[in-house]
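Asker: Please see the structure below; I have some questions.
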Ligand code: UD1
């Protein structure tokens, strides 16, 4: 099993390049099966989660060519069959559930293993199913599976009780061929949803309003193939911005969209980090050489502060001047990193969904466990500023969502390496 070892204390400098957004690419690969011709995705991030969704589609009969050197993925779904998806693969990644909408739309059938709980919460799928039912699908749940069937999907008006990212995406994909006008209200507004809609529209879909709370989909008869370059990964960018801040360094993050990062930029500025954006170059210079001040944060659906940046921000605030409060409103159990940060010397108290972080002057390296993807990134970041060596274990979580994290950080001066242990 691999570990990542970080030796803290190096000042970082130079440029770091951001990959395309994992959370855009996963639904886009799932949506590729809606076309009647090949789909090509450019600049795809070569990540474990991306390989898993490609394998799920291959098992269903799709022909996928994944070229790691040119970072392109081509999906040919001519031979896709309405068979059960590979259970082991689906269980590996919750986002596999994103194939249900497009399968239902294209083949009128989909049976998937019910996603269980995960480290950050129970993560139900009731809103996805509410949407499918509203479009006319029959849903049966039993023996650990969810089975959806529909001879024909018909447009409808769907109100989401919570702006779920996955449910919004799944319902968009399920409704592209539904006769009439589908309206999704209280839809999630994350940039990755607009990216999915842009991709589907380039195939001939008629989706309006994606990226806002009300999305309108006019059903079309068919979709063609397309070529698409996904948006940059705002969470990877935010993670590296915090790496710059926590090491009191000045670095340039290349490949950003300022609007997508606004909530993170604003909080970093409030904590005393200097930020300079070049829209033309799509870059941000982060200067963390000032003292870092405490700030309060509440995670919210976009455009609020992203839950996927909460753990990394906690690493920074653990070393800030003063007491910060972080309230996690999106997932019910997303403080697993706290006990690991505490082993490094952070002073954090949890009360329900709130964490109270009293900044300390220094933290020290030790062996810590990545309990989920973003928690793992937070521990690497903490390690960059800790005294001595930090060994992060269970890094398969990190590999699900960060392309070559140690290579990228090493390129800007971090003392970080991956090594295998038997
Ligand atoms: C997506 C992202 C994940 C991010 C999350 C919130 C992908 C592949 N993953 O996950 O990185 O952390 O958005 O920004 O894009 N919920 C329900 N019923 C449902 C669906 C969700 O109650 O049917 C709840 C969840 O339990 C959770 C909240 O809604 O508490 C947010 O979940 P959701 O927005 O659906 O997240 P994901 O799409 O799973």
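Cβ coordinates come from backbone N, Cα and C, glycine included.
Per TrEMBL, active site, proton donor is recorded for 118. Summarising the annotation, TrEMBL assigns phosphoenolpyruvate binding site to 22, 23. Marked as UDP-N-acetyl-alpha-D-glucosamine binding site by TrEMBL: 94, 123, 124, 125, 126, 127, 308, 330. What TrEMBL lists as domain 'Enolpyruvate transferase' is 6-409. Here TrEMBL flags 118 as 2-(S-cysteinyl)pyruvic acid O-phosphothioketal.
Locate each feature and note its surroundings.
Answerer: For residue 23 (phosphoenolpyruvate binding site), the same-chain residues that are 6 or more apart in sequence and have a Cβ closer than 8 Å to its Cβ are 165, 190, 192, 233, 235.
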Asker: Out of 22, 123, which of these binding-site residues shows the lowest number of other CB atoms within 10 Å of its CB?
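Answerer: Ranked by other Cβ atoms within 10 Å, the binding-site residues 22, 123 bottom out at 123.
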Asker: Per DSSP, residue 124 (UDP-N-acetyl-alpha-D-glucosamine binding site) is which: helix, strand or coil?
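Answerer: Assignment for residue 124 (UDP-N-acetyl-alpha-D-glucosamine binding site) reads coil.
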Asker: Per 10 Å Cβ neighbour count, which of the binding-site residues 126, 308 ranks highest?
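Answerer: Output for this query is 308.
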Asker: Across all the protein chains here, work out how many other Cβ atoms are within 10 Å of the Cβ of residue 124 (UDP-N-acetyl-alpha-D-glucosamine binding site).
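Answerer: Step by step: centre on the Cβ of residue 124 (UDP-N-acetyl-alpha-D-glucosamine binding site), count other Cβ atoms within 10 Å, giving 13.
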